[in-house]
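**Q** One structure, as structure tokens, below. Some questions next.
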Amino acid sequence: MSAQTSATSEKDFIMSPLNHNDEERQQMLQVSEKPSEGDVLPSPVSSAAPKPAGKPKLSTTVIIPIWIVLSSSVIIYNNYLYNTMQFRFPVFLVTWHLTFAAIGTRVLQRTTNLLDGAKEVNISKDVFLRSILPIGLLFSASLILSNTAYLYLSVAYIQMLKAFTPVAILLISWTFRIQEPSKKLAVIVFMISSGVALASKGELKFNLIGFLTQAAAVAFEASRLVMIQILLHGMKMDPLVSLHYYAPVCALINLAILPFTEGLAPFMEVMRIGPLILLSNAMVAFMLNVAAVFLVSAGSGLVLTLAGVFKDILLITGSVLIFGSSITPLQIIGYSIALGGLILFKTSGGK
């Protein structure tokens, strides 16, 4: 489920309804020099990811295709649930993904060494209240809104809008003087903004509610990444360790608002679509976060950024083939410009 990645060289992936993006996740960008992913169950990331010697590693040629398949699968699976099976309950789906992730990370902690990094993280009550909780609130808002956007917009157009995330991060960083503007960054902002604007103008099924929902999701996600840079600077957490701490917090937050947003309706619909569908959906999203752990240490930031771009292109193509989404020439031009700005942002180190 979805779910696109804070500070120094580290990726922020989002599990499907935790997407980022959607996947979150699931973009790889930087605040200072940090990449991120996006829109699905975006797994959160904080600082430079530790790389204990005991952790298993996979080569770039192995893990990148696995990550691309899982990331795309989460987004397509979520969209299938929302629009084909008419299970239109994003708050419930995000809550279920987070609950599954909270349980899954604790099982892995006891049975594998994938969460050994959690031993190096000291979360005091003060750190929890001043950092984990507010970041968790932003994370929940980002996940819910990014998943809600699928009720109104096509997968292809949502991926195009997510390209604006680096711009949002830069604007917030400039506003709070975390980073100083430069001519190169101004050009990048103009490229990405112009590209997204062209893609929006070319969208045949533009929906204002969906656009505003996704824009808000981008704003919350960008704010979350900047807050991670400020509040958790120096605290090393890879995507899985980060999810280990955030998933329970976000699940409880979502559970508290569920009665006021979707009520009992999603629980009644579970038997219609089948529990196995929800279980497999959450499993794919969780596997994406596990893959993110291996991806973090698999290659350079540029390689991962290019992999993310390739994944988005495949996802947009898949959206056209699977769901019949319409892509106009103007959107192709606009998105190409935005991707050019994103790659320039990465190669310039976000400076």
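Cβ coordinates are placed from backbone N, Cα and C, and glycine is handled just like the others.
Bear in mind that TrEMBL entries carry predicted annotations, made automatically and left uncurated.
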**Q** In TrEMBL, one of 243-261, 281-299 is tagged transmembrane segment. Which stretch would that be?
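**A** Going through 243-261, 281-299 one by one, TrEMBL flags 243-261 as transmembrane segment.
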**Q** Cβ pairs under 8 Å only, please: of the recorded stretches 58-77, 89-107, 151-173, 208-231, 329-345, which one is richest in them relative to the transmembrane segment (127-145)?
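**A** Per the Cβ under 8 Å count, 208-231.
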